[in-house]
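Engineer: So that we are looking at the same thing, I have put the structure below in structure tokens.
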Amino acid sequence: MEKTFLMVKPDGVKRGLIGEIISRFENKGYTLNRLEMVTPSVEVAEAHYAEHKEKPFFGELVEFLTSGPVVAMEWEGEDIVAVSRLMIGKTKPVDAQPGTIRGDFASTMSQNVIHGSDSVDSAERELSLWFAEVASHVS
């Protein structure tokens, strides 16, 4: 069965959207395997956004992601990577359709409530990155 990484970003946590987001995926029949709330380190945030390292907004992304707790999750189910991307909606809130998570809750391009892996390969990399970070916080 396919797995993906989903993360409720600091703005979604602050706004109390964790339950709403989890419910949407549970209602689709997907299985939540792992969930951890953690405030990301700068190193993990930089690794997460590595493909944007040379872009002018990279520092802003890292600063935002490390500004508070996030909810890191591993979800499993048939075609979950593709379906979760449809459920999440477009990155820019103005382009996100009503009924998608971003269409319903996102306010700006950077504060868009949720991250979801965009491919199976990205999911594997992100799950390894984020759950290694979580494990390092367990004493």
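Heads up, the Cβ atoms here are built off N, Cα and C, so glycines get one too.
Keep in mind that this is a model prediction, so the values were computed, not measured.
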Engineer: Per Swiss-Prot, which of THR66, THR91 sits in the ATP site along with LYS9, PHE57, ARG85, ARG102, ASN112?
Structural biologist: THR91
Engineer: Would you measure the largest Cα separation among LYS9, PHE57, ARG85, THR91, ARG102, ASN112 for the ATP site and round it to whole Å?
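Structural biologist: Output for ATP binders LYS9, PHE57, ARG85, THR91, ARG102, ASN112: max Cα distance 22 Å.
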Engineer: List the residues of the same chain that sit at least 6 positions away from LYS9 (ATP binding site) in sequence and have their Cβ under 8 Å from its Cβ, in sequence order, or write 'none'.
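Structural biologist: In sequence order, the residues whose Cβ lies under 8 Å from that of LYS9 (ATP binding site) (at least 6 apart) are PHE64, LEU65, VAL70, GLN111, ASN112, VAL113, ILE114, HIS115.
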